[in-house]
Amino acid sequence: MVLRHSQSGREKWVSMLKIVRCEIISMTRNDTIDAYVLSESSMFVSKRRIILKTCGTTTPLLCLKSLLYLVQRYAGYDEVQDLFYSRKNYKRPELQQEPHRTFADEAALLDAMFHDGAAYCLGAVNRDCWYLYTLNPYASPAGHSLSALLAGATDGDDGFGASDGEEGTDGSSSDGGCDGIEDSGSDGADSSDDSLDLRTMNLSGLNKRNVSQRYSISLGGGRGSNTSEADQTLEIMMSDLDPEVMKIFTKQFSANAAEATQKSGIDKILPNVTIDDYLFDPCGYSMNGVLKNGEYMTIHITPEAKFSYVSFESNIPQSSYMDVIARVLETFRPGKFIVTSFANKASVVEDTHKDLLNADILSEFKRRDIQYCHLKNYDLTYALYSKFPS
């Protein structure tokens, strides 16, 4: 992928991320994956997949058309084979920017691009729940052409027609849309994808960093396309965390990110990980870890007591994730958490689904909700746990 391992590729990501309202802080990479720590979480770029995880009042859906323009022009992919977009429900949706205030608005934006999309809610809609948008499992077996999705895009030199001087002071584009690309949706927010594996988690909160969003785009139909490669993702979204653990992720108790990583035990969650971490001032923490074969882990932390939140995510391939889940819970000591496990047919992950179904009690946590979905090429398990007897 031309967008990897190059200064010009990094410059294109910088321009795209201005639409999202975040910027690159640091980057680490190996032969299979580039991992960026962002001012608002993380981005991962590998041969066929781009993962963008943001937080705060960012607007990740607004950059999709620009993102797809980049991968079509510079990476040679031409088809969206699958799409996943997901997030947890908000406590304070009014703090978000359009179109992220309601899942209905997000789904409508995606529906305007994908004729066979389907929106779901896992969990109780009046309590903790998790939204998912994906392509209908049976409506259309063929992928979505990037050329059709990007119809009307201008052929600017990098997919972003506006110059740097035209961006607003907050890093967003002056018109709120995708620069250099003609948008047909409301607020300039149309988006389209090639092999979209769009998974976004939006967490509630009172401060900027306690809302995280994620999507992942898998590319297909071009050079190097391999639709049968294994894909899996474990996500753990934790809240009501132990204050003694959370204070580690403040400048008052840790001098730098490396100290916070070591004190907390984050460096022991997964072995052989190359870590790139950042400690915000006065508080807050982000890290990316990369392993061989495109495997990664990422953690983002808001430590404030009233709305503490930690997200953990990894795509390591193993038959069961229960040992990883246990280490994560021991590290952060949440009061409650949501866990989701995605795996496609080619993945070795097979036991976690039944393990979670059988785990009514998990250490000091009681399962409050669980749902299983069989999607197009993927199996998904959602479970909610909280400390008993609460």
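All residue numbers here begin at 1 and follow the chain in the order shown.
The backbone N, Cα and C atoms fix where each Cβ goes, and this holds for glycine too.
Feature annotation from TrEMBL assigns active site, schiff-base intermediate with substrate to SER41.
Feature annotation from TrEMBL assigns pyruvic acid (Ser) to SER41.
As annotated by TrEMBL, compositional bias 'Acidic residues' applies to 180-195.
Annotation comment: TrEMBL describes SER286 (among others) as active site, proton acceptor. Cβ neighbours of SER286 (active site, proton acceptor) (same chain, under 8 Å, six or more residues apart in sequence): ILE25, VAL37, LEU38, SER41, SER42, ASP277, TYR278, PHE280, THR298, ILE299, HIS300, ILE301.
Here TrEMBL flags HIS300 (among others) as active site, proton acceptor.
For HIS300 (active site, proton acceptor), the count of additional Cβ atoms within 10 Å of its Cβ stands at 27 [all protein chains shown].
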